[in-house]
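Heads up: the structure comes next, in structure tokens.
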Amino acid sequence: MATELRPSRRRSWRLPKHVLLIGFGLVMLYPLLWMVSSSVKPTETIFRDPSIWPTELDLANYIDGWGALSHPFHFYLLNSAVIAILAVAGNLLSCSLAAYAFARLEFRGRNLFFAAMLATLMLPIHVLIVPQYVLFSQLDWINTNLPLVVPKFLAHDAFFIFLMVQFIRGLPRELDEAARIDGCGHIRIYWRIIIPLSVPALATSALFTFIWTWNDFFSQLIFLTDPELWTMPVALRSFMDGQGETAWGELFAMSIVGLMPIFGFFLAGQRYLTQGIATTGFK
Amino acid sequence: MADSVAVKPREAVTGPARGGGHRSTKRSRREARAAYLFLAPWFAGLLVITIGPILASLYLSFTDYSLLEEAKWVGFDNYVKMFTEDPRYISSLKVTTIYVIVSVPLQLAFALALALVLDRGLRGLAIYRSIFYLPSLLGGSVAIAILWRKVFGADGLVNALLGAFGIQGPGWVGHPDYALGTLIILHVWTFGAPMIIFLAGLRQIPSSYYEAAAVDGAGPLRQFRSITLPLLTPIIFFNLVLEIIKSFQSFTQSFIVSNGTGGPADSTLFYTLYLYLNGFRDYDMGYAAAMAWVLLLIIAGLTGVNFLASKYWVFYGDTK
């Protein structure tokens, strides 16, 4: 009886629910929309006007902001992109290799190493950063991309090992057993069977690596002090520091440009992003 | 999916039983050799950029070290100085603690509330979920911190909106009483990621439970209290542990909003920002290393307390 009542009760709730959600969503997105509309207004009118409907479409902020620093803005975007792309390559390779071993192979100390890997997930980067800085400066790596890229090739982002282990463990074992009977070695099984079947996990890892590296500020601020190597976030920071108070429109415009890749990947890959955090619980 | 949400090392290590019980030792030796080969990059990283630096920073925390000169052993001086002679350290600890204690529960409350509203086949679920999730991806960036600085600035968006009602708001980010509040709001704004974890957890609860409860005459509130909430406690616990660990390490927001100073009046001086200023502006690296170790102990301690306390409120039923 009561179960028959539920649908009608739910229907009566539906409209207020949608009104509530749309209203709340607008409040959440309002700052972003305001930033976009402010970026196409002349600076002096930005703050008098809280509305998000631009009265005119003025791209001057984008043109001026692009050239406001010592290099054109795409220079910093390119620096960021190089680091992010290398980070993606490093994470995909090193973490999938480690994940295959943890998920499929038996060896002495596996439990111990797996526990160690999980423990590193909780480790704050700040405990490592000072000695890493000392190490990298002894290697003469400060003001190169190496401190930001090499750790990715050494599976330093253990989170992605964990994500891939979880995924590979869900793949049917019969496939690699069959391949093994056919005489395949582990490298072939990894490359021909596991990797092609793990594309969803790899896509999730690639997207998160890119977004996190693109957004990363702490380590880029520390390791890249030479303006010739500045990445987008470091450049934005210096922009704000230097002339931001007088050129907010331009700063907003460049901030939007800096967020665009994330936005693009969000639109293209949100299925992988939401599945990724749902299965592993990280972000 | 709730199963895979919780970190379960034991199960993950054991895995399903291998086919065929009698493998030759030759084969298992080959397998072990292959495993070490596959793990070689991770092993190298673990030694050189994780375990090595942990031990090195423990050592450095007992020294006076500025990168240019040899490290000089000073015993517990750095730790003593932190808690007795450095009021800025104490205020950074206080600011960060308030930030964590206020923003994490608020963020999780929003995440849970929205997950509950979105659950059970609401039309447009995917669109709502995406909109609420987007800030989680953007929230840690410099660009959004810059935006925040202006949204809550003296002549920013919030004050323009308040002005429409004739209210003259203060410069929120420039006011010692309100600046931290703006960072808390920024953290709450990124509730989308825990919301998605909650949604995944909610989907694991069999709808037959609700049907049975409805037959027994339980209203929606009673259903929430007796079914949803208890069955969701493992996920709440998981989100809580993660968000505490994460928010203790927040850096970018405080750096950008205060322009690297932690101001006004140290009201946004996050722990990690003060660590950065000591280590990488003043090159007082021994002190920064000691700060990092205290941070590690705080995080480890809180996680431990969380796990102990979870015995009393987290419900691990036999349904999983």
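Even glycines carry a Cβ here, placed using N, Cα and C.
These figures come from a predicted structure and were not determined experimentally.
Residues annotated as region 'Disordered' in TrEMBL: B:1-27.
According to TrEMBL, the feature transmembrane segment maps to B:36-60 (among others). Non-local neighbours of the transmembrane segment (B:36-60) in the same chain are 71, 285-286, 289-290, 292-293; each lies 6+ residues outside the stretch with a CB under 8 Å from one of its CB atoms.
If you look up TrEMBL, you'll see B:93-306 marked as domain 'ABC transmembrane type-1'.
For B:98-118 (among others), the entry in TrEMBL reads transmembrane segment.
The transmembrane segment annotation in TrEMBL covers B:130-148 (among others). A Cβ distance under 8 Å defines the sequence-distant neighbours of the transmembrane segment (B:130-148), meaning residues of its chain 6+ beyond its ends; these are 114, 173, 182-183, 186-187, 189-193, 195-196, 252-253, 255-257.
With a threshold of 8 Å between CB atoms, the same-chain residues lying at least 6 positions outside the transmembrane segment (B:178-202) that come near it are 1-2, 5, 95, 98-99, 102-104, 106-108, 110-112, 114-116, 118-119, 129, 132-136, 139-140, 144-145, 148, 151-152, 170, 172, 228, 231-232, 234-235, 238-239, 242-243, 247, 250, 253-254, 257-258, 263-264, 267-268. According to TrEMBL, the transmembrane segment annotation covers B:178-202 (among others).
As annotated by TrEMBL, transmembrane segment applies to B:227-245 (among others).
The annotation transmembrane segment is assigned in TrEMBL to B:285-309 (among others). Tertiary neighbourhood of the transmembrane segment (B:285-309): same-chain residues 57-58, 60-67, 71, 74, 78-79, 81-82, 89, 237, 240-241, 244-245, 248-249, 271-272, 274-276, 278-279, selected by CB-CB distance under 8 Å and a gap of 6+ residues from either end.
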Near the transmembrane segment (B:98-118), which residues from the same chain, at least 6 beyond its ends, have a CB less than 8 A from one of its CBs?
125, 128-129, 132, 180, 183-184, 187-188, 190-199, 202, 224, 228, 232, 236, 239-240, 243-244, 247-248, 250, 270
